[in-house]
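As written in Swiss-Prot, here are the features:
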type: REPEAT; residues: 13-131; note: repeat 'Solcar 1'
type: TRANSMEM; residues: 19-39; note: transmembrane segment
type: TRANSMEM; residues: 103-123; note: transmembrane segment
type: REPEAT; residues: 139-223; note: repeat 'Solcar 2'
type: TRANSMEM; residues: 142-162; note: transmembrane segment
type: TRANSMEM; residues: 199-220; note: transmembrane segment
type: REPEAT; residues: 233-327; note: repeat 'Solcar 3'
type: TRANSMEM; residues: 239-259; note: transmembrane segment
type: TRANSMEM; residues: 298-318; note: transmembrane segment
Amino acid sequence: MDPETRGQEIIKVTPLQQMLASCTGAILTSVIVTPLDVVKIRLQAQNNPLPKGKCFVYSNGLMDHLCVCEEGGNKLWYKKPGNFQGTLDAFFKIIRNEGIKSLWSGLPPTLVMAVPATVIYFTCYDQLSALLRSKLGENETCIPIVAGIVARFGAVTVISPLELIRTKMQSKKFSYVELHRFVSKKVSEDGWISLWRGWAPTVLRDVPFSAMYWYNYEILKKWLCEKSGLYEPTFMINFTSGALSGSFAAVATLPFDVVKTQKQTQLWTYESHKISMPLHMSTWIIMKNIVAKNGFSGLFSGLIPRLIKIAPACAIMISTYEFGKAFFQKQNVRRQQY
């Protein structure tokens, strides 16, 4: 895409239209990627049954959500028996025995957090990019890095307390009155900063991921357009650029993902047993403990499952988002012409 066309697109696509495009992309990404994680959780629960109070991470392709296992026998979706022999076998048996809707078990509650976070993130990124381009010039290579960092930092900061509250409601079955009491008590005892517990490892993972993702995405998209002799990227160019840049960022930030998951799980283990969280459980201490116990490779455990989840999620999200913006841009041009 040439600079002039890119500049026109930013001007002609309104923030509301960017929000609609990102919302559509978020929902579509969740619908396509969630079944992969549902099957993974069902297979894990079959091999290692989840007792009450046990934490597990559920992903809808946009965000990771910590869930706390409840009592309920075989009624709960992640505890249903299946006798699965593998991933494909699990897909077919879940559809045949439980209905195709079971592949999206647990999705609606997670969208309450994921969709607003994604809308904030993508809209802020585009708005910041447009602002920086107007100040620094169209070809400034640091723009995707700066915009990606600021947008992700803001989205994580806004959503972090809401995610803590959502998980507490899910694990303790609080009413809104009880939730208000819990939040008030927590703030009075530990201060407002306690609502952002778990924020640091999330920022350490998501902010570098965002910077690397957007920088590589813009570079790859431009390079593929030049190789194809195109001024504007096609759907497949956006899709490929998103998958490759997402995969690279996922590998580079995996150690922080491992730490974040472990810290979340430990937090709720302490919470469920009503034990005070040790003050020394910082991100760096957890990382050192992982290396001491499992070696340096322990920081890269779960690489393949993360890539299987991240690559398609990034590809679907960005290509849908760019397609939506292109659609709105054409509609805006037509309105100006008539």
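Yeah, the Cβs are placed from backbone N, Cα and C, and that goes for glycine too.
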Of 19-39, 103-123, 142-162, whichever stretch has the most CB pairs under 8 A to the transmembrane segment (199-220): 142-162
Composition by DSSP (helix, strand, coil) of residues within the repeat 'Solcar 2' (139-223): 75 helix, 0 strand, 10 coil
Model confidence over the repeat 'Solcar 3' (233-327), averaged pLDDT: 84
